[in-house]
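These come from TrEMBL:
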type	residues	note
DISULFID	Cys362-Cys375	disulfide bond
DOMAIN	301-486	domain 'Polycystin'
DOMAIN	496-708	domain 'Polycystin cation channel PKD1/PKD2'
REGION	204-240	region 'Disordered'
TRANSMEM	130-153	transmembrane segment
TRANSMEM	173-197	transmembrane segment
TRANSMEM	262-280	transmembrane segment
TRANSMEM	490-512	transmembrane segment
TRANSMEM	524-549	transmembrane segment
TRANSMEM	586-611	transmembrane segment
TRANSMEM	623-647	transmembrane segment
TRANSMEM	687-711	transmembrane segment
Amino acid sequence: MYIEPNFTRTEDETQFVCNDWIGVEHGDGRLVRTLPPAVESDVSLGQRFGLKLREKFKDGHVWLSVVTSRPRSYFTRVQRLSCCLCLLYCKMITSAMWFPDSEQGTSNVVLTLGSIEDSPKSSGKKLPYWCLYVGWALLVLTTLASGFFLLLYSMEWGRDKSVQWLTAFGLSFLQSMVVVQPAQAILLTFGTTILCACRNKKSATNDGVDEDVEAGKLQPVDETLPAQPKNAWSDPEETEQLKQQRAERKNWLQLTDNSRRCMVGIIIIAATLLMVNEAWSPSAPAINQGLTAGFLNGTDSVKAHEDVLPWLEGDFAHQLYPTQQYNGDALGWKDGVFISNMPAYRLGPIRLGQFRGHTGMCDVAPSALRSNQTCLSSYVSGIAGEALASFPESKLATFSRVVHGKRASYSGPGYSVELGEIKAEMMEALKVLKANQWIDPFTAALVLDVTLYHANTDLASTVSVLFEFPPTGGAITTLQVATFPLAARGIATTILFVAKAVFVACLLYVIIRLGKKARKEGRTILLQLWTIVDVASVVAALYVIGAIAMKDAFAGKAKAFIRQELQKEQRGFVDLSDVAFWSHQLASAVAMVMWFNLVKICSLMSVSARVRTYLDVLIHTRLQLLGSLVIFILTVAGFSMLGHLLFCPYVETFRSLTAATAGLTFLPWGDVSYDVLATPSDVVGPLFLLTSSFTLLFLVLSFTAGVFVSATSAMMGEKGRGKVAAARQRRERRARAAREAGDAAPPARNDLHYCNCDEGNECFGQTHTAETRV
């Protein structure tokens with residue numbers, strides 16, 4: 001900071017540069033600074049611009065000045081807030097008067113009013129006291145009149161046009177507050193700073209030092225005198241009162257900062273709870289459960305690739321195209337558009353996709369096979385497989401999304417067939433597929449995609465049934481169901497927009513705070529646990545913003561495609577897989593943001609002293625815990641590979657290393673049990689289960705016991721006494737020793753004091769001076 005007093009008699013300005021804190025809680029804690037006068041060159045242009053811009057935003061911004069202005073000002077905060085309310089109503093009524101009708105289209109004109117300027121300097125003349133009442137009366141009358149006419153406009157327009165006007169005005173108002181006024185303040189401050197600098201430089205050039213010396217105003221400087229330092233800091237005595245004030249002030253600032261961070265965390269959690277309505281609905285779990293039970297019906301009968309078409313003609317067709325009521329009566333055409341046992345519409349036709357396997361010559365010698373046989377290898381994602389016989393219904397397709405199965409992930413080039421929207425079209429398409437042998441031994445996987453719309457809940461669902469056919473034979477069925485809203489339901493668009501704006505503002509506050517902390521503390525910030533939590537929360541919040549943008553973009557494309565397809569007689573498949581993917585990503589990211597902020601709030605509020613102690617122990621023993629985690633991971637990996645080698649052909653959990661690792665990691669909640677492992681071997685299976693369970697349980701208990709013992713020893717004093725009890729006993733012993741000493745003289749500065757205790761915890765004080773000490 002710098003101080004620039006103005007002497008009204010001589011109109012001289014003298015600057016005093018400080019560039020340091022004056023307060024007990026910052027810097028070196030000094031309350032007194034001795035500042036020598038500084039020349040014009042000591043204050044840089046950047047310092048002037050920064051200080052003037054900060055003052056411009058604090059006292060000149062229309063809306064920010066309500067909070068950031070000086071507490072003592074001629075234009076009080078209540079007056080500022082009242083003027084802002086009146087200004088807001090005036091802008092609203094002006095916008096409503098010029099808002100176009102629905103036939104005229106939209107206007108690109110944005111009405112922007114400039115900022116209110118006020119100066120803390122008081123002139124010599126003042127208006128009479130009754131002018132204040134006149135101003136308040138005009139303000140109240142203007143606000144009430146604007147509100148009355150706004151109410152009339154809203155009654156005339158109706159709901160739809162009122163929402164359009166409110167959205168347009170909100171965007172205009174946000175643009176004025178966030179873009180126009182800050183840009184105006186920056187440009188005006190920069191211009192005035194440059195002009196003042198040029199004027200000072202010109203005046204300094206015209207008023208030479210030689211002329212002042214000749215006129216007797218200044219004396220020539222004696223170069224033999226020692227140069228005076230520019231900044232001379234006073235060094236007052238460090239008193240106990242100053243230390244106490246500094247400690248109290250720091251505690252108060254820490255409490256204020258923690259409260260502010262808690263409020264920001266609570267606001268972020270509230271905003272995310274509102275934003276998650278775009279991607280999640282409480283009705284989704286029940287819908288997913290019903291769809292899973294319906295579409296998995298009969299899939300256990302699919303044992304090979306030739307069993308898929310009979311399943312489509314039987315159980316699947318009955319689920320998708322019901323023909324009669326539960327009492328045997330025929331369904332009407334209104335009820336026939338729903339799927340079985342659920343009020344969900346079929347949105348567009350059904351698509352059946354195929355991924356082809358890769359073939360090559362067998363490794364066995366042709367003489368042993370008596371012919372040149374071709375062998376089928378495992379599927380490789382993204383690479384085209386064996387060619388398929390072409391016919392009009394089958395089309396080459398490139399699947400952009402990745403379909404995850406139990407053996408592999410499928411994407412890239414393949415073939416697709418649309419099975420139609422009604423049962424007759426589906427049966428006709430299946431006959432064509434059967435006649436052309438569209439499914440053959442070289443089929444690596446089939447994926448059946450269905451898109452549904454739930455009118456009662458305004459939700460969409462994507463159902464994907466994946467059949468995998470490994471080279472070893474057999475079939476593996478995987479069902480994936482996702483239910484999500486295409487737009488936020490049950491919440492106003494304006495409230496959702498405000499929640500997003502508040503979320504972005506809080507995120508910017510957290511990022512700025514982390515930037516300041518990183519610049520102050522340097523690389524040591526990377527070793528702080530709660531800083532890592534803040535960084536993780538920021539990354540998750542940024543991912544939330546990206547997921548919202550991607551979900552809105554794909555949802556907009558899907559809505560436009562549905563509107564186009566509704567106007568056609570032959571409709572195409574409606575693919576909402578991208579919307580489902582980003583809805584899931586958005587919900588997961590929101591959950592992460594909420595969890596990180598809840599952890600921060602609990603840490604800032606110090607919910608439990610014991611929990612805080614455990615967290616401190618975890619922070620101090622992070623390297624040891626990292627080593628223990630590595631040992632645990634290596635142990636699980638070793639048992640997973642051993643189980644995969646021993647039980648791969650017999651137990652489903654050990655069919656792959658990923659499934660084996662997941663099963664052993666969550667062993668108490670998994671499918672691995674004594675009965676399952678005893679089936680392939682009565683000795684090896686139970687022995688493997690006992691060894692792996694005992695080893696993993698021993699490692700987990702060792703980690704937990706180590707943290708508990710460290711935390712307990714940190715909370716307890718000697719001989720099992722607590723910290724608070726030990727401190728209280730020490731204070732009582734000192735007070736008793738002081739009473740026994742009576743009127744003894746106070747010890748000298750170089751004396752040493754001891755408090756010795758015998759076995760019965762009876763203590764006595766001793767004093768040894770430097771002369772008597774050996």
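Every residue, even glycine, has its Cβ placed from backbone N, Cα and C.
Where the annotation comes from TrEMBL, it is an automatic prediction and has not been curated.
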Mean of the pLDDT scores, which run from 0 to 100, over the domain 'Polycystin cation channel PKD1/PKD2' (496-708): 83
Criterion met for the transmembrane segment (262-280) and the transmembrane segment (130-153) (at least three Cβ pairs under 8 Å): no
For the transmembrane segment (524-549), sequence-distant contacts whose Cβ falls under 8 Å of one of its Cβ atoms, 6 or more beyond its ends: 268, 272, 275, 278-279, 500, 503-504, 507, 510-511, 514, 517-518, 582, 585-586, 589-590, 592-593, 596-597, 599-600, 603, 615, 618-619, 622
Stretch with greatest number of CB pairs under 8 Å, the transmembrane segment (623-647) reference, 130-153, 173-197, 687-711 candidates: 687-711
